[in-house]
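Enquirer: Annotations per Swiss-Prot:
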type	residues	note
BINDING	81, 83, 251, 326	Zn(2+) binding site
BINDING	81, 83, 251, 326	Fe(3+) binding site
BINDING	90, 153, 186, 254, 331	4-imidazolone-5-propanoate binding site
BINDING	153, 328, 330	N-formimidoyl-L-glutamate binding site
């Protein structure tokens, strides 16, 4: 078979492993590493991997050949938890954060999520589209090739749908692949204050059926937290969403442990998000149910909290984890997955290989894209992040700098030395 594109002489290829399930325990520490590696691409798919000089049959007169001595290649990075589409920004809350006002106190004052809801409701489709596109461009420049994107800053049908429509449009227009999550249960709207059950009934009866019918989202999510939605309320919504055919995610145990992990385990959610306050019993329940823990260390960093999710304990117990940005305008205003990966080492005490597995193959399972992406494997899409680094330790050791040299998306050179092509 003659390749369309042949990428050769990488210091190392991090092909990683895909055993047919998310990696856990000791599996997180391992990878298939190819020295002096090459990748052959045809029709956007990986058709061959190897070491040294490529087989002659891969090379034809039209084959594009590029050499990458001194560089490493990994699967494209996957950010599997973002709040991508929103109006406005919240830097006006920064001084309060520095003064020690808590996230929930800011929310109770009408700020936080509710502030962004007001800005998003007043934003046009084009405004939201352009703002979200800029974020995606930034992510792509940092090696991200697949992104999960939630609604949740409308809290009414008109705005929630506008957010989902923006995600759908960007999925068509932008190189990054987007996976849509419906999260109208992100907060209790001011018009339903004191009556969250009535709002959940509106979501269940009026919103979810349309989202499903129009195929606007694959997942459903809810914020199970003190002063937001209780475990019983979360169970009520997610069980109905599951009956309609949605895959489930849940924000749980971020600020307080109030039963969200139990809901995730009972309903076999694909992932439980945040988990800074998870207990040993909660870890055991998620392991037993096969729920992936999606950890968001940049949120802890941004909130200036001391308690990070117990990633080391989770992995050692045999739990599958991912890492994501939680990109949003309030509790985590960043879109930099490289920074998140570095926090995975510095603050969660994970090894570079554990982090790399978390943000590639495990993240692919978290967004139900494991058949297509997440590892450099023959037959999968050629989503490739190329780092200007001699080995996998370097991008973690040399932190706070974008070390992406190039990005390939479905076999197309998409980013070249800081420019989107």
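Note that Cβ sites are derived from N, Cα and C of the backbone, with glycine treated the same way.
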Enquirer: Rounded to an integer, what is the Cα-Cα distance in Å between residue 251 (Zn(2+) binding site) and residue 186 (4-imidazolone-5-propanoate binding site)?
Expert: 9
Enquirer: To the nearest whole angstrom, what is the C-alpha distance linking residue 254 (4-imidazolone-5-propanoate binding site) and residue 328 (N-formimidoyl-L-glutamate binding site)?
Expert: 15
Enquirer: Taking just the CA atoms, what is the gap between residue 81 (Zn(2+) binding site) and residue 90 (4-imidazolone-5-propanoate binding site) in Å?
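Expert: Cα-Cα, rounded: 19 Å.
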Enquirer: Hey, of the binding-site residues listed (83, 251), which one tops the CB count within 10 A?
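Expert: When each Cβ's neighbours within 10 Å are tallied, 251 tops the list.
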Enquirer: Can you see whether DSSP assigns residue 251 (Zn(2+) binding site) to helix, strand or coil?
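Expert: For residue 251 (Zn(2+) binding site) - judged by DSSP and reduced to three states - the answer is strand.
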Enquirer: If you pair up every Cα among 90, 153, 186, 254, 331, the residues annotated as binding 4-imidazolone-5-propanoate, what's the maximum separation in angstrom, rounded to an integer?
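Expert: Max Cα-Cα spread across the 4-imidazolone-5-propanoate binders: 20 Å.
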Enquirer: For residue 153 (4-imidazolone-5-propanoate binding site), which of the listed binding-site residues (83, 326, 330) have their CA atom within 10 A of its CA?
Expert: 83
Enquirer: Determine, to the nearest whole angstrom, how far the Cα atom of residue 330 (N-formimidoyl-L-glutamate binding site) is from the Cα atom of residue 90 (4-imidazolone-5-propanoate binding site).
Expert: 6
